[in-house]
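Accompanying notes for the structure given below.
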Amino acid sequence: MSNQIKLLVGLANPGLEYKRTRHNAGAWVVEELARIHNIPMREEAKFFGLTGRIQTNGQDLRLLIPTTFMNLSGKAIASIAKFYQIKPEEILVAHDELDLPPGVAKFKKGGGHGGHNGLRDTISKLANTKEFYRLRIGIGHPGHKDKVAGFVLGKAPTKEQELIDAAVDESTRCLDILLKDGLSKAQNRLHTFKAE
C-alpha cells in the first residue's frame, strides 16, 4: 500500500555559514530532489522557509526547507501543513542522525525526538503528535555528548561527506519506493544500503 506523503521537509539552519554543516543533512535531501526534478526552491515568508512542488509517482509532493533556526523548525512545518491541510501522518521530515554512521540512512514512522531540537520543535508545533515519517541521515557521533553541538555545527571531512552524500542520493531513490509501494518496501531497500 502506498503512503500519501504530501510534504517533505528538510531540517536545517539558515545562512551560508551553516549550509554544509552536518546539522543541515536533512535539507540536502530536499535540495537533491529539487535538483533532480529541476524545480526552484522559492522563499515563502508565510511558511518561514523555502518551498517547491514536484510530481512524483502521480502524487503532488510539497517541499520545504525552513529558514527559521533549527530549534524553531516546527513553526514553518505547522504553517504550511495548516495552510494546505496536510496531516502529521502525511509529512516526512528528513534530518541528521547522530546514532547512524555516515553512509547510512533509515526511514521511520513516529517516535521521539532523540534530543534533536528540530524534531523536538516539530512535535511540539504539531500538537505533540509524533506520527510523522522521518528520514534519518547518518552523520555519526563525536563520542561524547559534550562534543555534540560543535560536531553537528561542523563540516564533515571529505571522505565522511562523500558517504553522507551517497546516502542522500540513495534516500531520494528510495523516496519514490516509499510513495509508490509503502514504508516496508522502502525500508527493505534503504536499510540494506551502506556507502563505503
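Glycine too: its Cβ is placed from the backbone N, Cα and C atoms.
Pulled from Swiss-Prot:
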type     : residues            : note
ACT_SITE : H23                 : active site, proton acceptor
BINDING  : Y18, F69, N71, N117 : tRNA binding site
SITE     : N13                 : site 'Discriminates between blocked and unblocked aminoacyl-tRNA'
SITE     : D96                 : site 'Stabilizes the basic form of H active site to accept a proton'
Using Cβ atoms only, which residues of the same chain lie under 8 Å from N117 (tRNA binding site) while being at least 6 residues apart in sequence? M70, N71
Based on DSSP, name the secondary structure state of D96 (site 'Stabilizes the basic form of H active site to accept a proton'): helix, strand or coil. strand
Rounded to the nearest Å - Cα separation of Y18 (tRNA binding site) and D96 (site 'Stabilizes the basic form of H active site to accept a proton'): 13
What is the separation, in Å, between the Cα atoms of N13 (site 'Discriminates between blocked and unblocked aminoacyl-tRNA') and F69 (tRNA binding site)? 5
Residues that sit under 8 angstroms from H23 (active site, proton acceptor) by C-beta distance, when 6+ apart in the chain: L11, A12, N13, M70, D96, V152, L153
Roughly how wide, in whole Å, is the group Y18, F69, N71, N117 that binds tRNA, by largest Cα to Cα distance? 16
For N13 (site 'Discriminates between blocked and unblocked aminoacyl-tRNA'), just give me the three-state DSSP call. coil
Listed in sequence order, the residues of the same chain lying six or more positions from F69 (tRNA binding site) whose CB sits under 8 Å from its CB are N13, P14
Y18 (tRNA binding site) has its Cβ surrounded, within 10 angstroms, by a count of other Cβ atoms equal to 17
Would you count the other C-beta atoms found within 10 angstroms of the C-beta of D96 (site 'Stabilizes the basic form of H active site to accept a proton') for me? 25
Quick one: among the recorded positions N13, N71, which has the most Cβ atoms sitting within 10 Å of its own Cβ? N13
Take the mean position of the Cβ atoms of Y18, F69, N71, N117, the recorded tRNA site. Which other residues of that chain put their Cβ within 8 Å of it? N13, H23, T68, M70, L72, S73, G118
